[in-house]
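Copied from TrEMBL, the annotated features are:
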type   : residues : note
DOMAIN : 215-257  : domain 'Non-structural maintenance of chromosomes element 1 RING C4HC3-type'
REGION : 278-299  : region 'Disordered'
Amino acid sequence: MAYEDTNRAFVQAFFSRNVLTFEQARPILAAIFSVHEKKEVRVGDITQEDFASMISAANDALSPLDFEIRSAFHQDTRETYYALVNTTSDALTQVATIHTSDEIGYVKRLFDEMFDANNTERREAMCIAGKDALNLVRAGRRETQTQQNGESQTKFNLTAHEAEILLSKLVAEGWLEKSAKGFYSLSPRGLMELKGWLVETYNDEENDIRKIKSCEACKEIITVGQRCPNRDCPVRLHDICTQAFFRVQRNRICPTCKTEWDGKHYVGEKAITTSDSYLRGKRRSGAPARAEEEEEDDE
């Protein structure tokens, strides 16, 4: 298949939009094909095969330029998302090209809070409440002021308003998602591009520390789903993978430790929002409780 103007226009759509789903791509392809064929092509005429063919042709052309269109599914809906990524630089380097050093310092601290502080043996949340995300600004200022002995620390100097604007930009750019309850988490694009960095940064194989885990069924990274009720067991499953997984297993027990799988031990935002501390805080104030509250023993 020759690489034509239609293919170039398709790639340009990825450059301008950061991330696309098939449904979002259909009207784009319909417009491109309509111009190329000099007759109207309806959105309903665009098939998954058309989309796959365009992605394949684009990747063939982009490979020598160190770019690739990659895909990842949404952990809640399983809808597939596609993003154009630079294959030779890590995602944080790419973010740094359009953000200041202070903003990148804040982003790193945000990730530390999500994947370290809010990702413990008792509570694997891997997200952060909006209020807590803004409170990181004060922590960053304290560290900037108290840094001593040449120690390397993540520093940044932003106001709360600047941090709020940055968070909105990161959502618009497709790196983060914000839930209806006000929690920020990594989007499919963020997980797609940051997976390697997350594993390298937060896992320590030598000391058997694995904060970043994969779904037992699909083997993809998991930040939303269910965990084995046995805290010492590493098995995790996406909600959307459980039905097919246990249909094959023929019983709802953990495949590793054989503990009964009750589906009530969560990974992601629900690890916070179903906890007693969160529910008590919400009843008292009508607002989400802090993610850092004393953790519940949920066994």
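For all residues, glycine too, the Cβ spot is worked out from N, Cα and C.
TrEMBL: automatically predicted annotations, no manual curation.
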Within the predicted model, mean pLDDT of the domain 'Non-structural maintenance of chromosomes element 1 RING C4HC3-type' (215-257): 94
Residues of the domain 'Non-structural maintenance of chromosomes element 1 RING C4HC3-type' (215-257) by DSSP state, where helix covers H, G and I: 11 helix, 8 strand, 24 coil
